[in-house]
């Protein structure tokens with residue numbers, strides 16, 4: 001993703017010859033003075049150490065649970081695992097190097113290492129955000145589909161995962177080829193995209209990256225979950241209690257994941273735009289490193305959302321700690337599978353029984369007639385007939401929403 005970068009010039013260097021300046025010279029081809037105090041670098045190192053350790057352990061746990069328990073191997077969870085895998089790679093390939101640099105107060109692995117670090121972290125960050133957008137759209141399309149979602153059809157999800165990774169590569173490779181560049185960040189202990197050099201070449205890349213890798217996925221997420229929430233609210237009165245709670249729980253989990261991710265990444269994008277279009281010395285080193293830490297903290301938040309807000313993952317997590325077999329949630333899954341089938345069979349039977357009395361039966365007329373015939377008194381029959389239009393308008397929507405299987 002867009003990260004705070006320092007474009008340095010020898011004209012602004014008050015001195016040369018220190019180890020920190022030599023490290024900058026290797027990383028960006030120019031010199032600079034340290035911009036954080038020793039205590040500041042220590043605080044950043046502690047934060048990065050916590051983020052790297054907890055992020056690695058939690059994401060590794062998510063992958064281990066997915067491999068250990070077959071109940072978790074569903075299309076929706078596969079997309080969550082892709083996000084967790086990208087976060088785990090950040091904890092392995094990125095955070096240790098910035099942690100080591102913060103302990104020493106300077107970049108340690110030279111210019112090639114700086115370019116490699118910036119490319120890897122930018123690519124993995126965009127993968128996570130695009131995956132969230134794909135997840136939201138896939139979830140919306142599944143729940144408004146007229147058929148029951150297959151629990152074994154991985155093709156749409158695999159296509160979405162491949163799209164996320166190739167889309168990210170398409171936007172992170174250009175700096176390696178001359179459209180912008182990767183270089184040192186803020187206090188000089190991390191590296192990323194150079195977004196402080198105010199040249200047409202660099203500004204055009206930053207604007208495109210901000211538009212297509214932050215704003216566009218954000219609007220896809222808002223649209224998908226907005227439409228999904230609207231659909232769920234329409235069937236709240238007629239859906240079963242078990243199914244309604246289940247759908248509400250899944251929705252809360254995914255929305256919480258998206259909100260937390262945007263809280264971590266939105267300051268990053270805003271800081272990048274301020275540095276790109278604002279005065280040269282608008283942002284202090286503390287103001288540039290804080291959004292970077294928030295963005296890396298997203299690798300810690302996501303796994304906890306999976307484990308503690310996803311009932312499947314949480315059940316398997318408890319079984320993993322107790323060395324036992326998780327209880328299968330067969331009640332809800334069987335209910336959602338059978339109820340739709342029973343509803344269709346009931347409608348077909350009633351329709352075939354009442355077909356001789358009407359030349360052109362419609363679903364509404366069949367449902368009204370069945371309700372009238374199921375009551376013995378005229379008053380009850382009239383009440384059922386009065387309520388049948390509202391029921392007929394809502395039940396098709398109930399089928400579309402309430403029968404998605406995780």
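Using the three backbone atoms N, Cα and C, a Cβ is placed for every residue, glycine included.
Taking TrEMBL as the reference, the stretch among 78-103, 312-337 described by the feature transmembrane segment is residues 78-103. Your range for transmembrane segment, going by TrEMBL and the list 203-229, 338-364, is 203-229. The stretch that TrEMBL tags with transmembrane segment, taken from the ranges 250-268, 269-287, 383-401, is 250-268.
Your range for transmembrane segment, going by TrEMBL and the list 10-30, 157-177, is 157-177. Sequence-distant contacts of the transmembrane segment (157-177) (same chain, at least 6 residues past either end, Cβ-Cβ under 8 Å): 75-76, 78-79, 82, 115, 118-119, 122-124, 126-127, 130-131, 134-135, 137-138, 193-194, 205, 208-209, 212-213.
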